[in-house]
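**Q** For reference, TrEMBL lists these features for the protein:
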type    : residues                                               : note
DOMAIN  : 56-161                                                 : domain 'THUMP'
BINDING : Met177, Leu178, Tyr202, Tyr203, Arg259, Gly281, Gln290 : ATP binding site
Amino acid sequence: MELLLIKYASEIFLKGLNRGRFEKKLKENMKNVLKDEEYRFYEDQNRWFIAGENLETIREKIRKVFGVIEVCTVVQTERNLEKIQELALSALQAYPAGTTFKVVTKRADKNFPMDSMEVSRQVGAYLLKNAPGYSVEIKSPQAFIDVEIREHAYVYMARVKGIGGMPYGINGSTMLMLSGGIDSPVAGFLLAKRGIEVHGVYYHSHPYTSERAKDKVKELAAILAGYTGKFHLHVVPFTEIQMAIMDQCPENELTIIMRRFMMMCACALAKKYNIHSVSTGESVGQVASQTMEALVVSDEASDRPVFRPLVAMDKVDIMEISQNIGTYETSILPYEDCCTIFVPKHPVTKPKLEYIKKHEAVLPVEELVEKAIAGEEVFVL
Ligand code: ATP
Ligand code: MG
């Protein structure tokens, strides 16, 4: 019988007493992505297996679950050397003639009469005899023929890499500022991959930014939901705040004051929904508003930790991740960003907190934030 064997991140093994919690979450998340599939999940001595009709579809879904590092297609058989040898032969013959191989056996059940080395030797000898043209190579073989002996015996037929990371939702939550750009969806992906539950907030400057810009962010949120299972996007009306800043604050400080407002709104939402932290897609030095000084001044407006998973990454590397996770094509669609509409000609790059706070204080800060949050629209993707 053909099955999938699911391997999860070794970090999960290191969690000692938390291991149970991690495994439970990971199982829950796998169950979630498989809700439309017919399958059976079972365990054999700490290994996880899935049996089902559409193994290929199931495999593609499971490999994208955070925490899964590998999904192997295996065949289950009796604990009988001849059966194992026959299966190993077909596993080897899936490789082109001339491939060098090594048999690796794990005997988890010590009641099996032969030890691992002995099984590998016997299977290897059988393969050499029955598969002319293939040869054994111990140090760096081109193919591994894996055998596991548990309550049943298993022979590996193929393996695909999983996405890695930690089970989604195991490591607290964050309110991510999600724009239509390249960076913030990547930041969201990385946070989610590390097991953090990600919620999104998009600041919408109607009518300066169009419905299309908003739809684009919804589309990006939907792509992220493909990894996380579900994604809550909060769309917050931001025009009034921007107008107030334009009217009453120094022109060269528009951007930094706006960023502080974004921070305050994200924190207010985080508080409203019991979310631990806030996050952005900023990378130090990338643009004038992302100098270390500016990041420090915007952080001061936050009442909780601010995470910037891209802070030390180069744009090209961010773009590569964006392509790999499928957000790039959407991110590069033309759109108006609320930040590009209200850009000062000469933005301060080394803002001084003292002045910024003084200039910002002429505005009814709390009232503006409260009103913006009260006007939020929530989309569940
Ligand atoms: P991105 O590609 O994520 O838009 P960027 O390089 O264009 O980033 P900025 O536009 O300066 O940089 O934005 C920096 C960060 O601020 C973004 O990564 C995002 O987290 C947040 N941000 C910017 N504009 C918005 C917006 N309209 N709504 C929500 N968050 C935003
Ligand atoms: Mg942007």
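Every residue gets a Cβ built from N, Cα and C, even glycine.
Each of these features: where is it, how hidden is it, and who are its neighbours?
**A** Cβ neighbour count for Tyr202 (ATP binding site): 27 (other Cβ atoms within 10 Å of its Cβ, all protein chains included).
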**Q** Report, as a single number, how many Cβ atoms besides its own are within 10 Å of the Cβ of Arg259 (ATP binding site).
**A** 24
**Q** Where does Leu178 (ATP binding site) sit in DSSP terms: helix, strand, or coil?
**A** coil
**Q** What is the one among the binding-site residues Met177, Leu178 whose Cβ has the most other Cβ atoms less than or equal to 10 Å away?
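**A** That would be Leu178, with the most Cβ atoms nearby.
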**Q** Taking the Cβ of Gly281 (ATP binding site) as the reference point, list residues of the same chain whose Cβ is under 8 angstroms away and which are at least six residues distant in sequence.
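**A** Counting only residues 6 or more apart in sequence, the Cβ neighbours of Gly281 (ATP binding site) under 8 Å are Leu176, Met177, Leu178, Ser179, Gly181, Asp183, Ser184, Pro185, Val186, Ala187, Gly188, Arg308, Leu310.
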**Q** Among the binding-site residues Tyr203, Gln290, whose Cβ has the fewest other Cβ atoms within 10 Å?
**A** Gln290
**Q** Can you give the mean pLDDT for the domain 'THUMP' (56-161), rounded to a whole number?
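**A** Residues in the domain 'THUMP' (56-161) carry a mean pLDDT of 95 in this prediction.
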